[in-house]
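Participant: Here it is, the structure in full.
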Amino acid sequence: MFRRLLIATVVGILAAFAVAGFRHAMLLLEWLFLNNDSGSLVNAATNLSPWRRLLTPALGGLAAGLLLMGWQKFTQQRPHAPTDYMEALQTDGQFDYAASLVKSLASLLVVTSGSAIGREGAMILLAALAASCFAQRFTPRQEWKLWIACGAAAGMAAAYRAPLAGSLFIAEVLFGTMMLASLGPVIISAVVALLVSNLINHSDALLYNVQLSVTVQARDYALIISTGVLAGLCGPLLLTLMNACHRGFVSLKLAPPWQLALGGVIVGLLSLFTPAVWGNGYSTVQSFLTAPPLLMIIAGIFLCKLCAVLASSGSGAPGGVFTPTLFIGLAIGMLYGRSLGLWFPDGEEITLLLGLTEMATLLAATTHAPIMSTLMICEMTGEYQLLPGLLIACVIASVISRTLHRDSIYRQHTAQHS
């Protein structure tokens, strides 16, 4: 047992450095090509001329597509092993390391050029790759899947500063394939990754700064639970839209570079209306949480961002869909809150409260992982007073969503991009 805990610690350290490496590479490319040192792609887009704002995502998608197509032609074969940590966990615990690194580099290109796709997917993949490399060198074969799970959880903890949610995500996704006793090393890796990441970044701040002054009462619990029903209906709709957009891009029968470039062009066009469509949505989420906008502003940004996410994901842009889903949930919740706020004196607090809860419930509806979704929002915002209501709402959202749409967003996304 001591040996496993020691290896889990090493995996956590490796994962933290893998995530930090990708984050710093992203910041470097943003500084070189966008003259942006703020770390916010929305700020970068705001400061660009309209023609550069239009073309940059398209050129990034084109470059990523050429890289992926060139690698496939160079090797003259498809990857001989998984290039995704979810696939590796469901098979024999092995990666195609070279193809996975190329995929991560392609993700770096589309992320830094403004595509509305999550950077955290590549971060978690690199963390799992680092864990796999170490495991294949120093551990027996039957443990490889465990250490990949530890690496993925550690990567999620370092990326989102949510070690418990990262650990439980792995446990919920792999329920039935991992014994409960295996959860110990996963948690150790996640916590170590968070601590090392805090040391690297010289900060232990929460991912999102939220000032929620309301004390949750009976009325608020009823509203929170209602967001679970809303998310249970919206989650399957979002998954259906993503699947339809992917099929639409595939039906065009374009070469991968042109398909990714087309997705980038759509993002670029949308960014002419609002630069908030650039990136994974992190900075827009923070701005909404700091000062919830008016109803029409939320609606406008939401529609543009939703179309950008659908275009990026549908075109096959390598990256995650976790953080974009958080923004979509926040926007839906705030639209709901603004509508209800017309009848309540504390409309601002209700808007913020329902925005936070819809982030969790839509995440639960799309991932089918309600416990992870609850803890994720609590850990990212520090609003643990929401925990009881969120647990109920997330379970409701997950149950309704599973009834309407069998596959989770990860299973669907993996199938589309494998």
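Each Cβ is built from the backbone N, Cα and C atoms, and glycine gets one as well.
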Participant: Tell me which range among 117-137, 222-242 Swiss-Prot lists as transmembrane segment.
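Facilitator: That would be 222-242, the stretch labelled transmembrane segment in Swiss-Prot.
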Participant: May I ask whether the transmembrane segment (380-400) has at least three C-beta pairs under 8 Å with the transmembrane segment (258-278), counting pairs 6 or more apart in sequence?
Facilitator: no
Participant: Is it the case that the transmembrane segment (380-400) and the transmembrane segment (222-242) have 3 or more CB pairs under 8 Å, with pairs at least 6 apart in sequence?
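Facilitator: Between the transmembrane segment (222-242) and the transmembrane segment (380-400), which are separate recorded stretches, there is contact, as judged by 3 or more close Cβ pairs.
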Participant: May I ask for the residues of the chain that lie six or more residues beyond the transmembrane segment (316-336) and have a Cβ under 8 Å from a Cβ within it?
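Facilitator: Same-chain contacts beyond the ends: 61, 64, 68, 103-104, 106-107, 110-111, 115-122, 124, 227, 230-231, 234, 238, 242, 246, 249, 256, 259-260, 263-264, 280-282, 284-285, 288-289, 292-293, 295, 298-299, 301-302, 305-306, 309, 351-352, 354-363, 366, 409, 413, 416-417.
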Participant: Take the transmembrane segment (5-25) and find every residue of the same chain, 6 or more past its ends, with a Cβ under 8 Å from one of its Cβ atoms.
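Facilitator: Residues 104, 108, 119, 122-124, 126-131, 134-135, 138-139, 147, 150-151, 154-155, 157-159, 184-186, 188-197, 200-201 contact the transmembrane segment (5-25) from elsewhere in the chain.
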Participant: Could you pull out which residues elsewhere in the chain have a CB under 8 Å from any CB of the transmembrane segment (291-311), counting only those six or more residues past its ends?
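Facilitator: Apart from its flanks, the transmembrane segment (291-311) reaches 116-117, 241-242, 245, 263, 266-267, 270-271, 273-274, 276-278, 281, 284, 321, 324, 327-328, 331-332, 334-335, 337-339, 348, 351-352, 355.
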